[in-house]
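Structure first, then comments.
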Amino acid sequence: MKFDFILHWLWALVFSILALSGIAMAGAKYGWVMQYDIATADIVHRLAAVVYVLLTLIVIIYEIIRILRRDRTKKPWLVFGPSGYGLFTFITTLIFIITGAVIWLFMDSNHAATAFTMWIHEKLTYLAVASVIWHIYMKSHALKWPKKKERKAR
Amino acid sequence: MFNKQKRPFWQLSSVFAVIIVLVLAHSWSNRTENAAQMDASMADMMSNEILGNTTVPDLFTLGAMDSVEVSSGNGEHSGHHDQTGTLYAIHLITTALLLFTLPVILAGALFLAIVWPKSSKRRKTN
């Protein structure tokens, strides 16, 4: 199994957990997503955020190594890229991590910065979730089980 | 009309629709959950209450930290600042990991932002 394929689906899993736990905490209106258990949603969101940050680091290092080695092979499953949806994911991920870090680190000491970054973090979540739905629609051929290819290979 | 190639997307959507309906049905059947009366989200409420009177320098000014002694008597914060147990240990480890990885990620992102346009230009010319 290819490394970029594994990274892609790990990313999808962690992003889904982050989106669900984040939306559950976003307001009372959405609390039903995690049965109004905000404390659990908070812990799950923080733990998933650390995995998300580590995955981001791995993808960035992987991409840097590819560039330094002048590796020009196409990696269709790679999360980040210089154009298209890869670039969109790269930019939104950086904004998510920076705003998330500000909320995490300055929640008790700077309420203005927390309010401002939390607003960006929340609104970006809706945009990212909508973009993921669009991404799944555009790439829905990837959801098909590869029966024909197996038969051809045999 | 209906694109057959997009059928997996609609199948996946219907699975998620069923899950959402089941979760909503479970929530509505529970009488103790009446919290959904607040319309605004947490971020909207915070920005309405705090950001209305703030200036740009306020975003970069640290306020007084809630001390543990003061907050321990406050019901709102007493559980939040508990400094014993596994939760606090997890908080320390994850915060340290975040602080360590954040500069590396930013440096890597800056490197990619510089190198990516050059590499895509090369690909176009080749």
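Even glycines carry a Cβ here, placed using N, Cα and C.
Now, the feature entries from TrEMBL:
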- A:6-138: domain 'Cytochrome b561 bacterial/Ni-hydrogenase' (DOMAIN)
- A:44-65: transmembrane segment (TRANSMEM)
- A:85-107: transmembrane segment (TRANSMEM)
- A:119-138: transmembrane segment (TRANSMEM)
Worksheet entry | Helix, strand and coil counts within the domain 'Cytochrome b561 bacterial/Ni-hydrogenase' (A:6-138) (DSSP) | 110 helix, 0 strand, 23 coil
Practice prompt. Across the whole of the domain 'Cytochrome b561 bacterial/Ni-hydrogenase' (A:6-138), what does the mean pLDDT come to? Round it, please.
Written response: 91
